[in-house]
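Over in TrEMBL, the protein carries these features:
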REPEAT    92-127  repeat 'PPR'
REPEAT    197-227  repeat 'PPR'
REPEAT    228-262  repeat 'PPR'
REPEAT    329-363  repeat 'PPR'
REPEAT    466-500  repeat 'PPR'
DOMAIN    544-618  domain 'DYW'
Amino acid sequence: MPSRAASLHMKRPSFSVSVTTASQLHDAIDRLLPLLRADASHAPAARALAAAAASLRPPSTLLSNRVLHLLSSHQATLSDALALLSSLPSPDVCSYNTLVAALSRSPRGLASARALFDRMPQRDHVSWSAIVSAHARHGQPRAALAFYCRMLQDPGSAGADNEFTASSALAAATAARCVHAGRELHCHVVRRGIDTDAVIWSALADMYAKCGHVDDARSVFDRMPVRDVVSWTAMVERYFDAGRGGEGFRLFVHMLRSGVRPNEFTYAGVLRACAGFTSEKLGRQVHGRMAKSKAGDSCFAESALVHMYSKCGDMGTAMRVFEAMRKPDLVSWTAVISGFAQNGQPEEALHYFDMFLRSGFRPDHVVFVGVLSACAHAGLVDKGLEVFHSIKDEYGIEHTADHYACVIDLLSRSGQFERAEEMINKMSVKPNKFLWASLLGGCRIHKNVRLARWAAEALFEIEPENPATYVTLANIYASVGLFDEVENVRQIMESKGITKMPASSWIEAGKRVHVFLVGDKSHPQAEEIYALLKKLYVKMREEGYVADTGFVLHDVEDEQKEQDIGYHSERLAVAFGIIATPGDSPIKVFKNLRICGDCHTTIKFISRIVKREIIVRD
C-alpha cells in the first residue's frame, strides 16, 4: 500500500485525481500521456505523478517503465526521464530502450542516445533497431550500417538479428544509396531465413529502386509471396520516379487485370505521372475509372486530377473537377492557382488566390510560388513584390529559394536588373539553380551580357553538364554580335563533351503521339505540313509579322536565319495539329525545351488566322 497520496491538478482539460494505488497510477498515466505529448504545460502534473509512483513500495519495474515512457514523451520532461532512469535500482532493457528512442527523436539527441546505448548491460532487437534507424533517419546511414555490423558480431545479440533490425539496416543502405551494402543485406536475410516478412520485401524493393536498380526492384516485387495494393502502388511509382513511364503505366494496367483495386494513392501517383508525361488521354481514362470507384471521391485523388489537367493545358476540365469537389483542400487550391499561372492566365491565378484567402485557408510556401509565378508572367512587378513581402510580414513564413527565384524572374523579365542584383546579394537563403536560370532568361530577353555571365558562372558550378546554360549564354553573345565569345562557348562544350539537347515537340492525334524535330521531314504528311506553313507565313506577313531573327544563334545572313527559325519543331507540330484534328478542338503541343520568342509570336498569329485555340506547353 502507498505511504501517502498524491493529488494531481492538470489543465487543458482541467481535472483532478487522487492517486492511492498502482492501478490508479496506471490509469492516470493513460489519461495524461496524450495531453503531455500535445502541450508542455502538463509537465508539472507528469512530475507529480512520477513522484507519486516513486513513493510506492515495493517499487514496480513495470510502473517505473510506464512513468519513463510518460516523461520521455515530451522534450520538456526528457531530463526528468533521464534522472529517473539513473535512480532506478534495476532498470531492464525496456527502460533503456524507452530513453534511447526518445533521445533519438532529434539530431541533437543522437550522441546522447548512442552514449546511453553503449552503457546498456543488455540489448534486444528493439535496442538495435532503434539505434540503427535513428542514424539512418538523421543523415548518418554509414554509421547505421556500422551499428548493424556490430550487432551481427556481438555474441549477446544473436536474437536481435530479425526482420525488424534488418529492415532498419536496409533503410540505412537506401539512405546511403549503397547498393553494394544492400545486396549483402539481401543475401544475409535470405541465408537467415528472415526474408518471409512483407516489410523486408518492401524494404528490399525500395532499396534497389532508390539506388537506381529498378529492374532488381521489379525482380524482388515479382517474387513477393503476397502483393497488396500498397506494394503494387509502390512498384508502379518506382518506375515513374525512374523516368520509365511506359513500364509504370503497363504495370498499372497489369495491376488492374490482376484484380487488385487501386486506392486513392495509386490513382494520385498515376495521375502525377500522366501530368509529368503530358499523357492527357491516359489521364482521362484513369479519371473515368476513378469515377466508378469510391477512391475517386478522395480529395487527395481529386487534387491530383486537377493537377493533371492543368499540366496538360486543359484548365476548363481542371476547373470542372475543382468546382465539383465537396471540400477543396490546400493542395487542390494550389493546383488551380499554379495551373492558371503555368497556362498563361495570370489574372485568373490571382483571382483564385484572392478567393482562396477569403475561403479561410492559410497559405503555405507552395501556394506563394504559384502566385509569384503568375505575377512574373503578367509583368506585375509591384503586386509581385507586395505578395513576396507579405509571405514573411503577414503570414510568418520564411522565404524559400523558390520564392526568391520567382521574384528574380519577375524583376529580370521586366528589365529591373539593379533591383534583382541587390535582392540576390541580400537574400537570406542560398540561390538555387532556378533563380540563376531565371536571371539568365531575363538577360536573354534584354541582352544583359554582364549579369548573364554572372548567372552562367553560378549555374556552371551547380550543374556543369547542363547544355541549356551554355546554349543560352551563347545565344546572348550572338544577339549582341559577340561571335568570338559564341565560338569560345562552343569550344568549351566540345572539350567537355557537352552536346545541345535536340529540341522536340509532340502532339496527340488519333491514337498516336506524333513527335517533330527542327526541320523534320520524316513525318508521312511532311509535304502537307510544310505547304500549310508556307501559306500561313504569307498571310502572317500581310498582317504585319516580321521574323525576329535574334533568336537564331548562327552568324549568317538574315534570309537564312528566317529560314532556320521558320521550321522549329513546335511550328511543325502546330501545323500538323491544324491538319489532323477537328476544327472545333484546341490544338495542344508540348515541347521539351523553352519556346523561343519568335515562335511564341508566330503561333499567336497562326491562332488568329485559323481561328483555333492553340496551347503550347514548354
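Glycine is no exception: its Cβ is also placed from the backbone N, Cα and C atoms.
Please treat TrEMBL annotations as automatic predictions, because they have not gone through curation.
Residues 299-300, 302-303, 306-307, 309-311, 313, 315, 318-319, 322, 369-371, 373-375, 377-378, 380, 383, 395, 397, 615, 617 of the same chain lie 6+ residues outside the repeat 'PPR' (329-363) yet bring a C-beta within less than 8 angstroms of a C-beta in it. Counting residue by residue with DSSP, the repeat 'PPR' (466-500) contains 26 helix, 0 strand, 9 coil. Summed and averaged per residue, pLDDT over the repeat 'PPR' (197-227) gives 92.
In terms of DSSP secondary structure, the repeat 'PPR' (92-127) contains 27 helix, 0 strand, 9 coil.
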